[in-house]
Amino acid sequence: MQHDDTIAAIATPLGQGGIGIIRISGPASLEVLRALFRPSSSRFGGFRPWTLHHGTITDGCDPLDDVLAVHMPGPRTFTGEDVSEIHCHGGSGVLAAVLEACVRHGARYAERGEFTRRAFLNGRMDLTQAEAVAEMIAAPSREGMRLAQAKLDGLLGQRVGALRARLDALRMQLCVAVDFPEEEVECLAPEAFLAEIEAVRQGVVELSAGYARTRCWQDGALVVLAGQVNAGKSSLMNALLGRRRAIVTDLPGTTRDFIEEPLNLSGLAIRLADTAGLRETGDIVEQEGVRMSRDLVAQADLVLLVTDATQGLQGPELELLRHAGPERVLVVFNKTDLLEGRILPSAPEGCRSVHVAAASGDGVESLVTAIRAAVLAATGAGEPEAGELAPNMRQAAALDKAATILDELAGDIRAHVPYDLCGVRLDGACAALMDVTGQSTPEAILDAIFASFCIGK
């Protein structure tokens with residue numbers, strides 16, 4: 001991919017809207033804008049930097065739209081390059097026509113994430129900040145936004161950089177000891193060297209653990225409604241959503257495909273999935289639905305095992321509980337309004353449970369509280385603390401690699417392995433930390449990261 005030409009893309013969501021923005025970045029961004037823009041004021045004397053100008057975008061003799069346009073010279077822009085923006089009406093046809101005109105006058109269509117990639121390549125941000133751009137856009141809750149903002153502010157990159165600086169100091173000590181063995185140059189004593197390695201390793205481990213602690217706040221948790229047919233899973237989904245989303249009938253097997261909807265539980269975003277009832281069936285379509293249900297149960301952060309309170313837990317439900325594990329299951333005894341004074345059923349020892357009547361709404365508020373607590377317990381998450389840093393999966397994997405290498409290095413030091421071989425280990429740990437911030441990340445990895453971005457960002 002070329003990174004020194006001029007690119008253009010629609011920077012706002014597609015669809016109908018009041019305003020849409022075309023972003024142009026690169027050395028010819030001002031020339032492209034000049035070729036298309038016709039000012040509405042006779043006093044227009046050219047584009048003053050960082051100033052909106054009113055006019056018309058024309059393609060040849062054809063006026064395309066009434067717009068506001070701005071030019072922002074680099075390097076103090078998002079990409080670090082010269083950037084121009086055209087603010088036009090937000091219809092998809094208007095935006096497409098203006099973008100095509102930009103391409104005809106010297107720009108090319110931007111690839112996914114190419115604006116942010118250029119910001120990274122031009123030193124405007126490190127890789128943790130670049131990834132945080134996509135995380136902020138996709139954040140499912142206010143807490144997810146706050147965690148992404150901390151990375152956008154560079155806090156994760158700064159913490160990793162501080163740890164790497166401590167390793168660099170150790171590398172210098174080893175280099176001196178290896179390069180000047182005949183000189184009695186003071187090197188860290190093994191005990192002090194080990195103590196510093198362990199201190200850095202502990203810092204790396206603590207950072208990596210932030211992924212597990214915050215994953216459900218960053219990405220949202222998958223909560224799956226599962227159980228036998230006619231247990232009331234779809235009624236429960238509708239009750240939780242506060243609207244009719246799933247079809248509810250008295251016929252067994254009404255739900256054949258899974259339905260997934262987002263739900264915010266006091267700041268904790270979840271993806272709530274209603275699945276086909278678990279039973280043996282000769283219907284091919286329903287069989288596929290049951291197979292998908294089992295797959296979703298295997299992937300779920302939390303399984304809501306919905307059972308008919310008048311029947312109690314049956315064999316298939318107990319098997320699902322055993323298979324999923326009690327730590328990932330919240331047993332929901334539904335239809336308690338039909339018990340008619342009978343004793344409320346209970347779950348096996350060690351299992352969380354709650355009683356509801358989805359049809360009337362009784363107990364749904366308690367269920368919401370129970371789901372939130374169960375998700376946090378099942379994922380090992382907690383309420384995010386002030387200053388919490390939240391690495392993503394890729395960053396956590398690189399941190400884990402660094403911690404493993406440092407552990408091996410400590411073993412080498414204890415075994416009196418020669419300093420030059422210890423230096424190789426130390427180089428590997430530094431490289432793993434550099435992967436976190438993108439200082440040594442292979443091009444193929446960068447391609448994969450930025451391919452997940454939207455076009456225009």
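Even glycines carry a Cβ here, placed using N, Cα and C.
Some features that Swiss-Prot has for this protein:
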{"type": "BINDING", "residues": "R23, E85, R124, K457", "note": "(6S)-5-formyl-5,6,7,8-tetrahydrofolate binding site"}
{"type": "DOMAIN", "residues": "220-376", "note": "domain 'TrmE-type G'"}
{"type": "BINDING", "residues": "N230, T249, L251, T254", "note": "K(+) binding site"}
{"type": "BINDING", "residues": "230-235, 249-255, 274-277", "note": "GTP binding site"}
{"type": "BINDING", "residues": "S234, T255", "note": "Mg(2+) binding site"}
Measuring Cα to Cα, tell me the gap between K233 (GTP binding site) and K457 ((6S)-5-formyl-5,6,7,8-tetrahydrofolate binding site) in whole angstrom.
39
Please report the Cα separation of A276 (GTP binding site) and S234 (Mg(2+) binding site) in Å, rounded to an integer.
9
Rounded to an integer, what is the Cα-Cα distance in Å between R124 ((6S)-5-formyl-5,6,7,8-tetrahydrofolate binding site) and S234 (Mg(2+) binding site)?
49
So if I draw a 10 Å sphere around the Cβ of K457 ((6S)-5-formyl-5,6,7,8-tetrahydrofolate binding site), how many other Cβ atoms end up inside it?
21
Let me make sure I understand the structure: which of the binding-site residues listed (R23, R124, K233) has the fewest other Cβ atoms within 10 A of its Cβ?
R124
Which secondary structure state does DSSP assign to A276 (GTP binding site), in the simple three-class scheme?
coil
According to DSSP, which of helix, strand or coil covers R23 ((6S)-5-formyl-5,6,7,8-tetrahydrofolate binding site)?
strand
For E85 ((6S)-5-formyl-5,6,7,8-tetrahydrofolate binding site): intrachain residues, at least 6 apart, with Cβ closer than 8 Å:
A11, I21, I22, R23, I24, A69, V70, M72
With H, G and I counted as helix, E and B as strand and the rest as coil, say where DSSP puts K233 (GTP binding site).
helix
Let's check the environment of N230 (K(+) binding site): how many other CB atoms sit within 10 Å of its CB?
19
Could you state the whole-number distance in Å separating the C-alpha atoms of K457 ((6S)-5-formyl-5,6,7,8-tetrahydrofolate binding site) and N230 (K(+) binding site)?
46
Using a 10 Å cut-off, grab the number of neighbouring Cβ atoms around the Cβ of S234 (Mg(2+) binding site), all chains included.
24
Which value in Å gives the longest Cα to Cα span across the (6S)-5-formyl-5,6,7,8-tetrahydrofolate site residues R23, E85, R124, K457 as recorded?
19
